[in-house]
Amino acid sequence: MACKVLVVDLDGTLTLGRNTYELSAEALLALRRARDAGIRVVLATANGLDFALTVARYLGIRDVIAENGCLVHLDGVTYELCSGDMAEVDRLVLSTGVVKPSHQNKCRKYDLAYIPLREDAVERLRDVLGPGYVVESSGYAIHVRPAGVDKGTAVKWLCQRLGVPCFQVASVGDSDVDVGMLSVSWGFAVGNATPAAKKAAKVVVDGPSGIGFKEAVEIILSGGACAP
């Protein structure tokens, strides 16, 4: 089996669908199968680190990529992959009136989350903030963070840290915020993923969300992924 590391998104990938937070039983069983096979599983999420670590504990996962790649928790140590003070950015974002803040923001450091109040909220924030910041939607929230960091940069950092080639890392995701990690690894997009996620992935499975994740794990365990 060529796959050494499996990086998996949370919302929309381990859940029953892209519009629910309820975890998929099929996905949980597939996670266990991957761990039992000796694959190192990493949770990669847009959520804040504290929340991500709590969820990861119940999933039997130790390592976490949080805030869309801004923070990595590896072997009990947290690493910051970007820098800067987001307080002024937050004030500017809220002054537009096109979003409201997520309750998680008080626990977030670099990637701030917002609930859209208008359909054009992403475009409006991109115009206001300019090229120094990334503004994108996960399907659950709008995220704003410094440019130059995403789940893909975090996966590449992880590969260097662990001494594992990126082609021996599989990833599974469903949304635009997963494009980076799907591009730099052996990426799987679930069947109901966004067009951008499907385009970035090497493999698009048939099943949606948690069922699709199960299908991806089956392919990985059968040796059908992570070839150079």
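For all residues, glycine too, the Cβ spot is worked out from N, Cα and C.
Annotation comment: Swiss-Prot describes Asp9 as active site, nucleophile. Neighbour count (other Cβ atoms within 10 Å of the Cβ, all protein chains): 29 for Asp9 (active site, nucleophile).
The Cβ of Asp174 (Mg(2+) binding site) lies under 8 Å from the Cβ of Asp9, Asp11, Gly12, Thr13, Arg18, Gly139, Ala189, Val190, Asn192, Ala193, Thr194, Ala197, Ser209, Gly212, each of which sits 6+ residues away along the same chain. As annotated by Swiss-Prot, Mg(2+) binding site applies to Asp9, Asp11, Asp174, Asp178, with the evidence given as sequence analysis.
Here Swiss-Prot flags Lys151 as substrate binding site. In three-state terms derived from DSSP, Lys151 (substrate binding site) belongs to a helical segment. Applying an 8 A CB threshold to same-chain residues 6+ apart, the list for Lys151 (substrate binding site) reads Val7, Asp9, Ala44, Ile65, Asn68, Gly69, Ser171, Gly173, Val177, Asp178, Gly180, Met181.
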Item to complete: Look at the binding-site residues Asp11, Asp178 and tell me which residue has the greatest number of other C-beta atoms within 10 angstroms of its C-beta.
Response: Asp178
Practice prompt. Would you list, in sequence order, the residues of this chain other than Asp9, Asp11, Asp174, Asp178 that have their CB within 8 A of the centroid of the site's CB atoms, where the site is the one recorded for Mg(2+)?
Written response: Leu10, Gly12, Thr13, Thr45, Ala46, Ser138, Gly139, Val172, Gly173, Ser175, Val177, Val190, Ala193, Ala197
